[in-house]
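Taken from TrEMBL as is:
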TRANSMEM  6-34  transmembrane segment
TRANSMEM  46-63  transmembrane segment
TRANSMEM  69-90  transmembrane segment
TRANSMEM  102-122  transmembrane segment
TRANSMEM  145-164  transmembrane segment
TRANSMEM  171-189  transmembrane segment
TRANSMEM  195-213  transmembrane segment
TRANSMEM  220-238  transmembrane segment
TRANSMEM  300-324  transmembrane segment
TRANSMEM  336-353  transmembrane segment
TRANSMEM  359-379  transmembrane segment
Amino acid sequence: MKNWLLLILVFFYLINPNKDGYIFGYLILFFLVLHPKKTILKLDSLGYILLIFSIAYAIFYSFSADILVQNIFIYGMFPLTFYLLGIYLFNEKKELFSNTRGLILIALVFSVTALFSTYNSILENGYNILNRNVNNIWTGLEENATYTGGFLLLNMCLPGILIVSWKKIKILRKLILISLYIITLFAVLRLGSRTQLVISIFSILAAILYLVARQSTRKNFTFFVILIIIGNITFGYLNVDKDSEFISAYTDRMESKKYGTNTAGGRTERWEKSIEMLFDKPLGWNLDEFGYSHNLWLDVLRVAGIIPFILLIIFSVQSIKMLVKNLRFNKNIDPFMATLAIYILAFYLLFFVEPIFEGYFEVFVLHCFYLGLLTSFSINNHPLPLKSRNSDNIK
């Protein structure tokens, strides 16, 4: 019963009603503190790196000009809280979180507010709009379209998940997932989010590579024949009208020389300036210099300086190493592992192009949750002492 109550708290945090989701984050932290043997005492090297980074970032953030006092604690504790939450739920709710159902359920709940907000705007204004932004369904306040689209990133991975899971899921579930993807896709088209379309494409490519590496030559041949047939049918009947109201939100953005696809929406110039600032102002710089860097690591550098920046790089590298080792260890087709890998890829695609801590902090926290699930999966499937889990002993 207590674990279901914990799940309800998680759902409310992800839905974030009236922007008060952080309150449920505090309650989740309190719950985990009451169960130290199943959470805090399971802290591994990756968790310690995350904790040190989070505290360092929170401390340096506290010296910033424009701060919210409550954010100091949130930045310092929530990433580790949700990392431990992932470890806890994998072990305590195995029937849900040791398969793709739990992964997709969390992703769906995370997208609820963004979906309702976007479809509310569609009902009011349709697709042919000049302003891509939408009003938050809870507060009624206008929110940036790119920001809203960020909460749909995991739903946009569904094509890749369906590819790797196709033979192992029932028809009804296939139809539900396809329907969810279509619903999300129409919301993304309304928001004009190019990043989400890229994530969807990469999820498909990742799924194909995952299967090809684990199937026989004969199965791969059949697989590619099916893909070619589906591709020919799709592109043969798909006629994209540039004047269609369904893609009106993309028209100017694609043709813009400054904010078009060639410049990653104008981000490449900011990345170059940020790298220069790494050497000129290693302790960070003001937002007034040139705005956000639109990159998780570079924006951390801007706010908190080089120490949290290096710690975050170490955390990211160790996370990727853990993922790669798990993929290499399991030579069979495992939808759970494949889904985790696709989700983590989606997170990093967003991390490279957005100011995460100052815009999508909930996304980073959710990323830590999935890493916690991956940690427990790793320990349960090839148990090693926690301190050596990230060593090269895994073959």
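A Cβ is built for glycine as well, from the same backbone N, Cα and C atoms used for every other residue.
Touching of the transmembrane segment (6-34) and the transmembrane segment (69-90) is concluded from the presence of at least three CB pairs under 8 A, sequence neighbours closer than 6 excluded. Proximity of distant same-chain residues to the transmembrane segment (359-379), defined by a Cβ-Cβ separation under 8 Å and at least 6 residues beyond the stretch ends, is recorded for 13-14, 16, 21, 25, 44, 46-47, 50, 74-75, 78-91, 97-98, 103, 106, 110, 147, 150-151, 153, 292, 296, 319, 322-323, 325-326, 336-337, 340, 343-344, 347, 350-351, 386, 389. Across the candidate stretches 46-63, 102-122, 145-164, 171-189, 300-324, the maximum count of CB pairs under 8 A to the transmembrane segment (195-213) is reached by 145-164.
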